[in-house]
């Protein structure tokens, strides 16, 4: 159960990051978003000490590359927010810094308050 919640939270965080980045041709499923962000969960539940896990950055970069259209980015955002709502202990301060730490630049704040409809 905790693993499922962690995966959902990671999905939410990554999805928010993906909101600024594009998702590949066609639609991206919530399962794909969640799987891409799952490696980020333990980092986001911790103190932020140490490096971001390589798998986390790989997932963030992959989602960023995949989100090529506004509808796909908005859908990814919704998926991430939904998943994050089911995960406890996420440090959203760390989440907002993940894109930069992974070398990805997105023009949106990663936050539970992000309005997915405003994602372009």
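Quick reminder: no glycine exception, Cβ is built from N, Cα and C everywhere.
Copied from Swiss-Prot, the annotated features are:
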- 40-56: disulfide bond (DISULFID)
- 57-102: disulfide bond (DISULFID)
- 77-116: disulfide bond (DISULFID)
- 1-26: signal peptide (SIGNAL)
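The Cα atom of residue 102 (disulfide bond) lies nearest to that of 56, taking the disulfide-bonded residues 40, 56, 77, 116 as the candidates.
Sequence-distant neighbours of residue 57 (disulfide bond) (same chain, 6+ residues apart, CB-CB distance under 8 A): 101, 102, 103. Between the C-alpha atoms of residue 116 (disulfide bond) and residue 56 (disulfide bond), the distance comes to 22 Å. With respect to their backbone Cα atoms, residue 77 (disulfide bond) and residue 40 (disulfide bond) stand 16 Å from each other. With all protein chains in the displayed structure included, the most crowded Cβ environment within 10 Å among the disulfide-bonded residues 40, 56, 102 is that of 40. Residue 40 (disulfide bond) falls within a helical segment according to DSSP. Neighbour counts of Cβ atoms within 10 Å were compared for the disulfide-bonded residues 77, 116, and the top value is held by 77.
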